[in-house]
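*Asks:* Sharing the record's features from TrEMBL:
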type	residues	note
DOMAIN	6-95	domain 'CS'
TRANSMEM	149-170	transmembrane segment
TRANSMEM	190-207	transmembrane segment
TRANSMEM	214-234	transmembrane segment
TRANSMEM	246-267	transmembrane segment
TRANSMEM	279-304	transmembrane segment
TRANSMEM	324-343	transmembrane segment
Amino acid sequence: MSRENTLTPHVYWAQRHGEIYLRVELSDAQNLNIRVQENTLCFKGQGHGAKGENEYEFSLDFLKPVKAEVTHRSTQRQVNITVKKRERGWWDRLAAQERKPLFLAPDFDRWLDESDAEMELREKEEKLNKILFESRIPKDPYLGLKKGYLFMYNLVQFLGFSWIFVNMTVRLFILGQDSFYDTFHTIADVMYFCQILAVIEVVNPALRLVRTGVLPPLIQVFGRNFLLFIILGAQEDMQNKPVVFFIFYLWSTIEIFRYPFYMLACIDTEWKLLTWLRYSLWIPLYPLGVIAEAVAVIQSIPIFDETKVLSLPLPRALGTSLSFSYILQLYLAVMFLGLFINFRHLYKMRKRRFRAKKKKAN
Ligand SMILES: CCCCCCCCCCCCC[C@@H](O)CC(=O)SCCNC(=O)CCNC(=O)[C@H](O)C(C)(C)COP(=O)(O)OP(=O)(O)OC[C@H]1O[C@@H](n2cnc3c(N)ncnc32)[C@H](O)[C@@H]1OP(=O)(O)O
């Protein structure tokens, strides 16, 4: 307790199950002498307190036994003291005497009631367990290499699709509707390059380089490449149709957001707007893309019938050949099945992404 004729600083306190925190209001404290003797904390020190620059002291008999070792840290504004309780538990008050010493007050910055303190303790334990658990999972020695490879792949695709998108947009502004008719001749080489490279997107999940299934990218890559190489590539008459413009424009619109999103993921970075665009733009674009592709397939059916390109030779008894247009009619039905599978997949990915973000925010 404070003795008469000595200056006493203001002292604020709070407790946890295992320790007592004291905050002594003394700035620029020097010559500190802080110890616990016979369950009494004795404090002496010089500094700037309630009565200006002076020597201040106080002593405090604790309600229950504490350990003899005291830790303290002085900052420019105060001295922080931590005393360990001998037995874990919650104290009704700090001082042995029933009447609270005048210089003592609760530290509301650190104050917790018993149940909050238990919650804090549990959270700390959970965090510690998580760190222990994570430290036991062996780190992947090739992680850097994998991320570097994925980053480069996504960068190349981003550059390719950006070129396509910008080129088509500029041509649309300059030539207007005329640009619809020669999209294929100006864009196809780069589109071939990007779509051949996109086969890697089926390989990546198969090698567990990315966290997704093989089927959705397989449907995506097969669907696009079937259209690009067979329906457009094998039939010159299809190449100057305006539908090619819409297909290429829809493909490149999603990709100029999807690949930068992956690039950022490779360097553990996220831009909220980009994430939102990657997981939202497909909602209108995917069905539009499938409709445009279906229009191209339908337009190509009479051309394949007429030119007999890719028709299957049949034994003489069954006729001369089987037109590729039958395969295309079957493919039209499969396309909508593909749309259903990938639409459901993308919906799940969107939900997973935004649910994970909501959890993080809470
Ligand atoms: C067996 C043969 C069947 C043949 C059936 C034929 C049916 C044909 C139907 C064809 C329909 C195609 C229509 C299509 O061409 C139309 C269009 O494209 S229109 C334009 C709009 N399109 C889109 O919006 C689709 C764009 N494409 C995609 O989104 C993907 O290709 C898709 C496979 C559909 C989904 O991607 P994914 O499964 O990978 O989902 P996420 O993006 O959420 O990624 C999951 C996690 O993996 C990480 N990841 C994935 N790829 C990469 C990468 N390259 N680099 C780095 N990381 C990657 C990603 O970050 C996620 O990780 P985390 O969960 O930790 O964040």
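Just so it is clear, glycine is given a Cβ too, placed from its N, Cα and C backbone atoms.
TrEMBL does not curate its annotations; it predicts them automatically.
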*Asks:* Six or more residues beyond either end and a Cβ under 8 Å away: which residues meet both conditions relative to the transmembrane segment (149-170)?
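*Replies:* Residues packing against the transmembrane segment (149-170) from afar: 179, 183, 186-187, 190-191, 193-194, 197-198, 200, 204, 209-210, 245, 248-249, 251-253, 255-256, 259-260, 262-263, 266-267.
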*Asks:* So, do the transmembrane segment (279-304) and the transmembrane segment (190-207) meet, by the test of 3 or more Cβ pairs under 8 Å (sequence gap 6 or more)?
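*Replies:* Not in contact, no.
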*Asks:* Give me the DSSP three-state residue breakdown of the domain 'CS' (6-95), ordered helix, strand, coil.
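*Replies:* Summed over the domain 'CS' (6-95), the classes give 0 helix, 61 strand, 29 coil.
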*Asks:* Let me know the model's mean pLDDT on the domain 'CS' (6-95).
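*Replies:* Summing pLDDT over the domain 'CS' (6-95) and dividing by its length gives 94.
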